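Over in TrEMBL, the protein carries these features:
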BINDING   A:ASN40, A:LYS57, A:GLU111, A:ASP112, A:LEU113, A:ASP246, A:PRO247, A:GLU248  ATP binding site
BINDING   A:ASP229, A:ARG346  substrate binding site
DOMAIN    A:31-269  domain 'Aminoglycoside phosphotransferase'
There are 2 protein chains.
Amino acid sequence: MPGYHPYSEAEAIELARSFPDVFSPEAELSCREIGDGNLNLVFHITEPATGKGLIIKQALPYVKVFGESWPLSIDRARIEGEALRIQHALAPELVPQVFLTDHEQAITVMEDLSDHVILRKGLMDRTVYPRFAGDISTFLAQTLFFTSDLGMSQQEKKLRQQAFVNVELCQITEDLIFDEPYREHERNNYEDAIADEAAALRADGALLTEIALLREKFLTRGEALLHGDLHTGSIFALPESTKVIDPEFAFYGPMGFDIGAVIANLLLNYAGQEHWSADDASRKDYREFLLETVRGTWTQFSAKFRTLWDEHGQDPVFSNAPGYQDLYLDRLLQDTIGFAGAKMVRRVVGFAHVADLDAIPDDAVRERAKRLALSIGKELIRQNRSFRSIEQAIDIALTAAAR
Amino acid sequence: MPGYHPYSEAEAIELARSFPDVFSPEAELSCREIGDGNLNLVFHITEPATGKGLIIKQALPYVKVFGESWPLSIDRARIEGEALRIQHALAPELVPQVFLTDHEQAITVMEDLSDHVILRKGLMDRTVYPRFAGDISTFLAQTLFFTSDLGMSQQEKKLRQQAFVNVELCQITEDLIFDEPYREHERNNYEDAIADEAAALRADGALLTEIALLREKFLTRGEALLHGDLHTGSIFALPESTKVIDPEFAFYGPMGFDIGAVIANLLLNYAGQEHWSADDASRKDYREFLLETVRGTWTQFSAKFRTLWDEHGQDPVFSNAPGYQDLYLDRLLQDTIGFAGAKMVRRVVGFAHVADLDAIPDDAVRERAKRLALSIGKELIRQNRSFRSIEQAIDIALTAAAR
């Protein structure tokens with residue numbers, strides 16, 4: 001990393017001044033580092049007089065987890081910056097605009113979205129996002145279709161796949177999602193109260209076989225440029241706006257992994273709604289909103305994806321084969337469901353958790369919510385290859401919650 | 001291509017002299033250019049006094065086909081040289097040794113195999129190769145297993161996949177095998193006598209759908225480092241020896257594509273045996289040898305692949321999932337059969353043909369052989385996703401030939 005150094009707040013302000021479209025030359029700027037400090041520096045530069053702002057994100061050459069520092073290539077900043085540019089071009093309203101990428105300094109300068117709320121927090125506060133299913137299905141359809149062999153030059157796609165080889169961050173996914181939760185591992189992290197569930201996972205042969213099939217898909221299927229980490233912590237939202245951020249896990253993988261991430265995190269929040277008392281009418285309402293959003297994410301995605309295929313399909317073989325589009329979408333739903341289930345399970349017994357469940361203060365309720373999340377997740381995994389309709393996922397969630 | 005120039009025979013001899021392990025310093029060397037002149041220069045350097053020799057292969061920056069020259073990157077020489085090294089390390093008896101690769105000059109210097117015969121020619125001469133099924137199944141099991149996520153570091157595999165992105169040569173396959181034969185295209189090449197068959201292909205919806213599924217697999221599944229062009233013209237053979245050459249189409253793709261190429265070319269020769277009269281007892285014997293070789297290629301491959309997996313599996317998730325290995329091999333057989341069928345069809349109606357069929361002098365017999373090849377190929381494609389055993393392929397071939 002010749003020349004690389006972590007920026008100070010003063011350096012971040014100096015860099016911000018080089019964007020005259022945002023800040024006037026004599027602007028009084030203030031800077032706050034708002035990253036979690038584990039992976040990246042995130043400088044939020046604002047001009048209090050005008051309310052204008054910029055985000056400067058810089059990758060750190062290590063990741064702090066598990067009490068220690070691991071080296072992690074700052075090349076992920078190049079991947080994130082390039083993925084943001086591609087995704088912004090394909091879904092301009094749904095991805096922050098990038099103003100500058102500096103690969104040597106591992107810096108991305110982008111649009112300030114600090115008026116938005118992290119979707120996970122919004123869902124935990126039971127905010128209703130009427131636009132979300134529509135927006136995220138547009139993001140998914142646009143970014144997955146137009147980076148795949150269906151929607152772009154198949155020669156350029158190979159070069160793009162080559163540029164987005166993302167060894168280290170894929171390994172994190174391979175380990176944390178498709179391996180460790182299903183065996184004894186020091187990084188696994190679950191409460192004693194559900195140790196029986198963790199042990200049952202390790203002994204569930206049918207489940208292990210489905211996980212092996214999903215791991216294989218993750219390792220081998222270069223279908224489209226994925227976001228790669230599309231949970232509700234990677235989405236900024238307002239009731240009237242959705243912005244997808246942080247694609248540092250981007251790589252060419254199976255489309256269902258991104259769609260499944262969205263559905264998994266909606267259902268994790270659904271499980272976390274145990275937190276509210278069962279006779280609270282709005283618990284029922286909010287769960288209905290969540291399931292409606294699961295349904296809408298898939299049905300709107302698949303409708304938009306089919307329309308893009310019909311209108312912009314690049315490959316006559318794929319466009320002219322009778323029934324091929326139906327087979328493709330059926331298989332994609334099955335992948336989506338399998339990946340959604342795997343992403344739910346790992347958030348309960350694996351290394352990295354979600355606040356939707358972990359922040360529930362009452363021990364018994366939290367345990368119930370986690371068992372519910374596991375129950376839904378396992379059922380999605382078990383049934384994934386026989387899915388024919390998203391309604392089966394709705395039924396699984398309703399049935400599990402009614403127990 | 002700074003510094004690149006096509007070598008003269010004198011330059012080839014001079015380069016050959018730099019291998020003192022092969023030629024003594026004062027050796028009298030002779031040189032013959034034996035390439036077909038379309039894609040590569042191939043210099044065969046020999047020392048008549050000792051019988052020793054060397055092959056110097058140099059890629060040309062164009063390909064001569066269809067009466068014109070197309071530019072074609074000499075980077076394919078790097079890919080071929082690196083693939084040969086990897087394959088030689090994994091199957092030393094079955095791949096020529098590489099002595100030098102020079103990426104700037106697009107040159108690979110390798111072991112002289114001129115005592116061997118191109119397998120296609122050997123099969124056309126009805127030579128029996130008792131070792132072939134054993135040898136090719138070893139080559140396939142070793143090279144496919146140890147370059148896949150099952151048999152090597154999954155991180156190094158990603159970097160290797162990146163190094164073997166092979167845009168131009170993959171496009172040749174995508175066009176000639178998975179596209180043009182199924183529509184009207186100026187490069188298609190079939191005799192008037194079978195124009196009805198070519199027209200029927202274009203109207204066969206079920207077949208077009210299977211071809212779309214196979215094309216998708218070819219475009220997206222990075223399972224292992226394939227040879228990429230494993231027909232019987234890429235294999236040098238003697239009854240007691242097998243050598244796989246010319247992996248310039250190497251890339252990370254679906255394993256079944258290589259296995260299917262072998263089976264397709266055995267079955268193309270099987271169809272070409274129409275050439276010999278039906279009451280010729282050795283026609284029946286030779287077809288039995290060919291079908292036994294088809295059977296042995298798959299059964300020995302799958303047994304060897306399973307043994308490698310059991311003994312050298314790198315991934316505990318794949319090794320511990322009950323029944324996953326069976327599912328994997330079932331699916332791999334289906335891919336193999338589908339790709340075999342596609343490779344047969346294109347050799348009859350597409351751009352590039354095989355001498356096993358085209359060299360049959362009698363018009364009526366040649367037509368019958370081509371119809372037989374098409375009949376077997378189409379049936380393999382149609383049934384590929386329901387295959388459970390290689391015996392189904394044997395039955396298809398026997399039934400078609402008995403008609």
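Quick reminder: no glycine exception, Cβ is built from N, Cα and C everywhere.
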Assigned conformation of A:ARG346 (substrate binding site) - DSSP reduced to three states: helix
Whole-number Å only: compute the distance from the Cα of A:LYS57 (ATP binding site) to the Cα of A:ASP229 (substrate binding site). 17
Compare the C-alpha of A:ARG346 (substrate binding site) with the C-alpha of each of the binding-site residues A:ASN40, A:GLU111, A:LEU113, A:GLU248, and give the closest one. A:GLU248
Taking only same-chain residues 6+ apart in sequence, whose CB is under 8 Å from that of A:LEU113 (ATP binding site), what do you get? A:ILE55, A:PRO96, A:PHE236, A:LYS243, A:ILE245
Rounded to whole angstrom, what's the largest C-alpha distance between any two of A:ASN40, A:LYS57, A:GLU111, A:ASP112, A:LEU113, A:ASP246, A:PRO247, A:GLU248, listed as binding ATP? 18
Pull out the binding-site residues from the set A:ASN40, A:ASP246, A:GLU248 whose C-alpha sits within 10 Å of the C-alpha of A:ASP229 (substrate binding site). A:ASP246, A:GLU248
Around the Cβ of A:ASP229 (substrate binding site), the count of other Cβ atoms that are within 10 Å: 18
Nonlocal residues around A:GLU248 (ATP binding site), in sequence order (Cβ under 8 Å, 6 or more apart): A:LEU39, A:ALA59, A:ARG76, A:ALA77, A:ILE79, A:GLU80, A:ALA83, A:LEU169, A:GLY228, A:ASP229
Rank the binding-site residues A:GLU111, A:ASP246 by how many other Cβ atoms lie within 10 Å of each Cβ and give me the one with the fewest. A:GLU111
Can you give the mean pLDDT for the domain 'Aminoglycoside phosphotransferase' (A:31-269), rounded to a whole number? 95
Cβ contacts within 10 Å for A:ASP112 (ATP binding site), all chains included, total 16
